[in-house]
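*Asks:* Pulled these from Swiss-Prot:
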- 16-36: transmembrane segment (TRANSMEM)
- 40-60: transmembrane segment (TRANSMEM)
- 106-126: transmembrane segment (TRANSMEM)
- 136-156: transmembrane segment (TRANSMEM)
- 165-185: transmembrane segment (TRANSMEM)
- 217-237: transmembrane segment (TRANSMEM)
- 265-285: transmembrane segment (TRANSMEM)
Amino acid sequence: MSVTLSRKLIDYVKLAKPKVVSLLDVVAIASYILAFKGNWYNLIPVLIGGSIAAGGSMIINGGLEIEKDKVMKRTSWRPTVKGEVGRKEAYMVGGIACALGSLIGLLANPLTAFFILLGSLVYVFVYSYYLKPRTWLNIVIGGFAGSAAAWAGYAAASNSFNLESLLLGLLVFAWTPGHFWALALRYKRDYANAEIPMLPAIVDDKTAARAIAISNILMIPFALGLMLYLNLIYVIITLAATAVLLYFNVRLMRNPTPEESWISYKFSAPYLAIVMIAAVISFIL
């Protein structure tokens, strides 16, 4: 019995995409610190609740996309594809996790719980269920799911939603398309075979590479908008990180290969973490 339970837990963790959740946690922590009002206790429920709810959303996503995951080499290993976690089981476990995570958020305040729940609802219903199989705008609009992590973290510390909080969320929103389009270009054939209309799967490689670069350029005003609240340290670190990101994007435009798109993708996740850490350093100093 213990072996079976252990196996199940491992399957759920795989479906929960811990790397994605950990990046959302970085966003939530940074947002919490930027809104810090002298109370560290609320960081615990927003981190635990947000992580559980985000993981639950990913598990539901695994149940929704079994057929598509089967034809994609990148996702063919998932427990839902192998039959180790059934569709209804994924819905049930994921749904419970989303509800539990939102309830834990209440230990901070109702606004935190609202944003945790909002993130789950946007990811599951708006992005995964409705937009992803229908339009290339899927990840553009779906980026608001990540924004909710910033808003939840900020709300947990301050019980408020203001311009600074909005900018943090919009930064994550604007970062999302370029990040996931780089991944989709790397696995373009997978997405095409699964009939998922990610932008790189429905346009030529050069157009996709330009779209990635343009998306990241459009992100810059949101990143620099935080200058209203932070000092020169944030500006210097953010500009340096952005220069590196755009350098990889230029390389990708010149040579739109799977290898170059993978390099852009692999840097874009640390990029967001770097910007968030820069914001924290700037705030503290």
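Glycine residues also receive a Cβ, built from the backbone N, Cα and C atoms like all the rest.
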*Asks:* Under 8 angstroms, Cβ to Cβ: which one of 106-126, 165-185, 217-237 has the largest number of such pairs with the transmembrane segment (40-60)?
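*Replies:* Looking at each of 106-126, 165-185, 217-237 in turn, the most contacts to the transmembrane segment (40-60) are made by 106-126.
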*Asks:* At a threshold of under 8 Å on Cβ distances, which of 16-36, 165-185, 265-285 pairs most often with the transmembrane segment (217-237)?
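*Replies:* The stretch with the most close Cβ contacts to the transmembrane segment (217-237) is 265-285.
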*Asks:* Please give the sequence-distant neighbours of the transmembrane segment (165-185): residues at least 6 beyond its ends with Cβ less than 8 Å from one of its Cβ atoms.
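*Replies:* Same-chain residues near the transmembrane segment (165-185) but 6 or more away: 27, 30-31, 34-35, 139-140, 142-144, 146-151, 154-155, 158, 191, 198-201, 205, 208-209, 211-213, 215-216, 218-219, 222-223, 225-226, 228, 249, 252, 256, 258, 261-262, 264-265, 268-269, 271-272, 275.
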*Asks:* Take the transmembrane segment (16-36) and find every residue of the same chain, 6 or more past its ends, with a Cβ under 8 Å from one of its Cβ atoms.
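*Replies:* Result: 42-43, 46-47, 50-51, 54-56, 58-59, 146, 149-158, 160, 164-165, 168, 172, 229, 269, 272-273, 276-277, 279-280, 283-284.
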